[in-house]
Each structure stands twice: as C-alpha cells, then as structure tokens.
Amino acid sequence: MYYPLVKKALFQLDPERAHEFTFRQLKRLTGTPLQFLVSQSVPTKPVSCMGLSFKNPLGLAAGLDKDGECIDALGAMGFGFIEVGTVTPKPQSGNDKPRLFRIVEAEGLINRMGFNNHGVDNLIENVKKSHFGGILGINIGKNKDTPVEQGKEDYLICMDKVYPYAGYIAINISSPNTPGLRSLQYGEALDDLLAAIKNKQTELHQRHHKYVPVAVKIAPDLTEEELIQIADSLVRHNIDGVIATNTTLDRSLIQGLNYCEQAGGLSGRPLQLRSTEVIRRLSQELQGRLPIIGVGGIDSVTAAREKMAAGASLIQIYSGFIFRGPGLIKNIVTHI
C-alpha cells in the first residue's frame, strides 16, 4: 500500500544512497517489535529442490544484501529463501562511484558495483545473528586483485568458511564487473574450478556431517555452444543446481534511454526475455538432471510463471523488488 510513496522518495536519491538509506532503516527494525512494519504473511507453497525444503519458490537474488545485514527484515517480507553476497575472502570497496544507475523508463538497473563487500568473516558474523526461518544461500566470488588463474583459491577459502552456515552455496562466475571473471565459465577453466569445488564440498561434507548443495550462477550472454558446454560440465561434475541468469552486457533493448551507455551489467525488465530463453535452452539440455533457479527481470506473476514454465524450479527477484516493492513478493507467492 505505502510502497509507491516510499519509492517516490527513494527515487529522488542517487540509487546507491537510496539503497544505503533503506538498509539503515531495515537494520533499525530488524529484531525489534517494529519489524511488523515490513512483515507480511504469504501462503506456504512448499518446494523441494537440491535436497532442501523451501517454504515457497520465491527468493531474493544475490547483490541486494551483500553483507547479510538485513536477513531477518527481508525474510519477514515473505521470501522462501534469501541469497546474500556476493562475498569475497577479503573486504573490498568495489569500483568507483557512481556505479549504479536506474533506467526508469525500462524498469531496469545498470550496476558496476564490483563485489563491494566487507569480506566473508564479517558476513558470517551477521549470518550467526540472524533468525530467518527460510533457506539462506551464500553467494561467493573472488577478490578483484586475485589473478583469474588463482581465482579458484578464493572460492575454496569462502566455501570453507561459509559451509557450516549456508543452506546452499552459489558460485558467482558470471558478474561482468570483475575483470576476467566470466572466463571461468568456459572450457578447462570451468572444469578445473568445478572439480576443485566438488572436492572441497566432499571434504566439508565429511567434516561437518551435513551436505550443503552448490549452485553455479551463469551469464545470459552465452552462445548456444557455450550453454551446451556449461550444461555438460555441470552434469559431469555433479553440481547441485544452476542459477540462470546474472546481468547482461547487451544494451539493444534500452537504446536511447538515459544511462544506457553506462558500463556494467543490466538487470530488470530488459533482461526478462533473454534470461527466460537461457532457462528454456538449459532445461532442454539438462533434461531434469539438475534444477534451475530462474532469475532475470521477474516483475509480475506472469513473468514468474514464464520462468517456471521454461524450466525453473525456484525463482528470484531483485530489480523487480526495487521497482514494485514488497507487494510483489506476496503477489507472486499467492498466485504462482
């Protein structure tokens, strides 16, 4: 009810300042009686995926709560799962500002944040304090100053630390804002990374006596051949799930709009059709051998249904949440 007014005020601010302001308010509410201000009840629509039981199929995509500061307040809004991160072994400030832009007419966002986060140890402390009753995913990446050839070490460091606290772990090899990162999606580099991650998962499973599934997050900007190769690698290495998709470098759908020439990844409605097409193609290739978490431009019940019809078992929102507010969560979960 009140979100249009809140949005109008927030959209007067620079996007990153609006984000920081919102998170300051959410942190003040978290764990207090005032948390009811952001709480809403949504129907329970259980889904079993990656060996986990989700209370509903709608999650928050990584990138909004990078450091796990507002898990409880966001959880109170009705998400079945929340993915925090992307987090890296060491804290890093990310790219220079401004680095986040609203494409208001297209209901899209361009970001070149660059994995700004306070580091994996800080994230874990925040996760320990949270009481979220849903599934918590932790999205991990590599530090900007770690050479790509040594990138897998950063993923293994993060895995080692987050494993006891994660419902699932997401491997981000598809952000366009860390130089060279997307090269880890291809050929031998991907096989080498997935083999190391699977070995680490086996070791941690034995050490902690619990199995934490691993999902790999891929880009939308892949050729047919690359998509087929990735699907093959994921199956061969027994990866538990795939998150499709991250942001796009393609600007064809926002030509002529304000900020369309800004560098970074484009998300929101302009990504909707492309991400759904990647999910559909991936689903045909995987033949149910591992589940797909669908993300990219979901801003309505119809868009959510399209992702699931294309082959997604679970779905996530981010930009649609910014443009439509918490009401979108209730709407999707109720009518999906």
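Backbone N, Cα and C define each Cβ position, glycine as well.
From a predicted model like this one, the values you see are computed outputs, not experimental measurements.
Ser175 (active site, nucleophile) counts 25 other C-beta atoms within 10 Å of its own C-beta, drawing on all protein chains shown. DSSP classifies Ser175 (active site, nucleophile) as coil under the three-state reduction. Swiss-Prot lists Ser175 with the feature active site, nucleophile.
The Cβ neighbour count for Gly268 (FMN binding site), using a 10 Å radius over every protein chain in view, is 24. Residues annotated as FMN binding site in Swiss-Prot, with sequence analysis given as evidence: Ala62, Gly63, Leu64, Asp65, Lys66, Thr86, Asn139, Asn172, Lys217, Thr245, Gly268, Gly297, Tyr318, Ser319.
The substrate binding site annotation in Swiss-Prot covers Lys66, Asn111, Arg112, Met113, Gly114, Phe115, Asn172, Asn177, Asn246, Thr247. In three-state terms derived from DSSP, Arg112 (substrate binding site) belongs to neither a helical nor a strand segment and is classed as coil.
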Completion exercise
Of the binding-site residues Ala62, Leu64, Lys66, Gly268, Tyr318, the one whose Cα sits nearest to the Cα of Asn172 (substrate binding site) is Ala62
Handout entry: Of Ala62, Leu64, Asn139, Ser175, Lys217, Tyr318, i.e. the recorded positions, those within 10 Å of Arg112 (substrate binding site) when Cα atoms are compared
Key = Ser175
Exercise for the section: Using C-alpha atoms only, work out the spacing between Asn246 (substrate binding site) and Ser175 (active site, nucleophile) and round it to an integer in Å. Expected result: 7
Exercise for the section: Restricting to the same chain and to sequence separations of six or more, state which residues have a Cβ under 8 Å from that of Ala62 (FMN binding site). Expected result: Glu83, Val84, Gly85, Thr86, Gly137, Asn139, Ala170, Asn172, Lys217
